[in-house]
């Protein structure tokens, strides 16, 4: 029987407060979350409904000029130099006057992610922990997304589609683990979209994927898709070949290679396909693949709920396509969150970390705070669920 | 006030100590010489908005002889110390790279020498084996 109230809050209060630090990629997030003590949480699985109150959710993104990705060294430098500023702002907004007294726990991302940026953030977490004498909790980034999505949408036991710049996974809960039913065999969907945005040399702000979505919305030939490889392999999918193929199309388009029959009319030399058409076709193709494997996972675990998390989860077209599939299944529901919670943030780390803390999972020695680039979702023992 | 220090050890052969010299200008700034943005992004047109903040002055400090808060002093000293460590480690990497390429070229030289020696000795293994078989 799950009891979320085994560890008492600090100073005899009736609520817990956690600080969450996230920096596994180019977003640095700091968030503060509050959980009241609820009687019903002593007798069963109510981890999706903690009555969480978000006291602050601050984010700063490291962006590079169009055509460039983010290098680990520069991203780590961004996090190193902004971390303290963001922590100060988050605490001020949350009206935390004395962190020593007011914070129960500090949660940080252990992985997966880019090593150097993860390292910048964990140093800040260790320092705050020592400075204020507050325990630390290590959080799996993917589990952070899932728990935040569950808390916001109140989805009890959904199939989770986790789509971001570094991850593409279809996940379902079973026996204290978030099990991966299907995943990418090579690059993540966000990486595929971001790298195509680099080829197109479109801005990286606010995010490359968002700018692709805006271009796709302007497509005037929505009934004539550019044919792309469709690479679903059982429950898994592959996207590197699609990227290489569409990249070559875009390059031919920019060069004006009239020999390319897909892009130009061979007789008249007239351009048949625009950049907007390519963006639209790429999105439709990739999202169709995601919908297919998600539906298969739903059939496996016999559930009608889908929760979309991760940065790409903000994409309205993906949400529409998923909703269409769910509508075709009896009583299907799609749960998604907006950019505050879809895109990497500190609150999600605080949410998952606080659940862990309330189940007694804390760091006992600083040696345990080593971050890791590889940390699979199913490695985490989910003690806060039945 | 004590200053931060660092020690680098490599087996039994090397032990390097890094100390702060409080009179040296490199320990009086928060902008290190090795901790700036990479040249690659600057060449791509990046505008650096991620610089570390300047050290914080103590209240009522005189501009002629500024005094900094203890944490700002620590930040400045650590910036200089980090530069020292980065320069040292970069040098070590260069040495390791040179050693590696020297080893590779030594091995290549040895291989050529062996080949010439075998040829001068009139040895031609493949042919001799064939001859033996015949």
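The first residue you see is number 1, and the count goes up from there.
Glycine residues also receive a Cβ, built from the backbone N, Cα and C atoms like all the rest.
TrEMBL does not curate its annotations; it predicts them automatically.
Here's what TrEMBL has on this protein:
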DOMAIN    A:54-350  domain 'Gcp-like'
BINDING   A:141, A:145, A:162, A:344  divalent metal cation binding site
BINDING   A:162, A:163, A:164, A:165, A:166, A:194, A:209, A:213, A:315  substrate binding site
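Features recorded in TrEMBL, as mapped to the structure shown.
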residue: A:141; record: divalent metal cation binding site; contacts (Cβ under 8 Å, 6+ apart): A:22, A:24, A:109, A:110, A:111, A:112, A:113, A:344, A:349, A:375
residue: A:145; record: divalent metal cation binding site; contacts (Cβ under 8 Å, 6+ apart): A:162, A:164, A:309, A:310, A:348
residue: A:166; record: substrate binding site; contacts (Cβ under 8 Å, 6+ apart): A:24, A:25, A:112, A:113, A:188, A:190, A:191
residue: A:209; record: substrate binding site; contacts (Cβ under 8 Å, 6+ apart): A:165, A:190, A:193, A:194, A:197, A:311, A:312, A:314, A:315
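In this entry, A:162, A:163, A:164, A:165, A:166, A:194, A:209, A:213, A:315 make up the residues listed for substrate, with the farthest two CA atoms of the set 18 Å from each other. Counting Cβ atoms from all protein chains shown, residue A:315 (substrate binding site) has 25 others lying within 10 Å of its own Cβ. Using a 10 Å Cβ-Cβ cutoff, residue A:344 (divalent metal cation binding site) registers 27 neighbours. Take the CB of residue A:164 (substrate binding site) and look out to 10 A: across all protein chains shown you find 25 other CB atoms.
Using a 10 Å radius centred on the Cβ of residue A:162 (divalent metal cation binding site) and all shown protein chains, the other Cβ atoms total 27. Within the model, the domain 'Gcp-like' (A:54-350) shows a mean pLDDT value of 96, rounded to a whole number.
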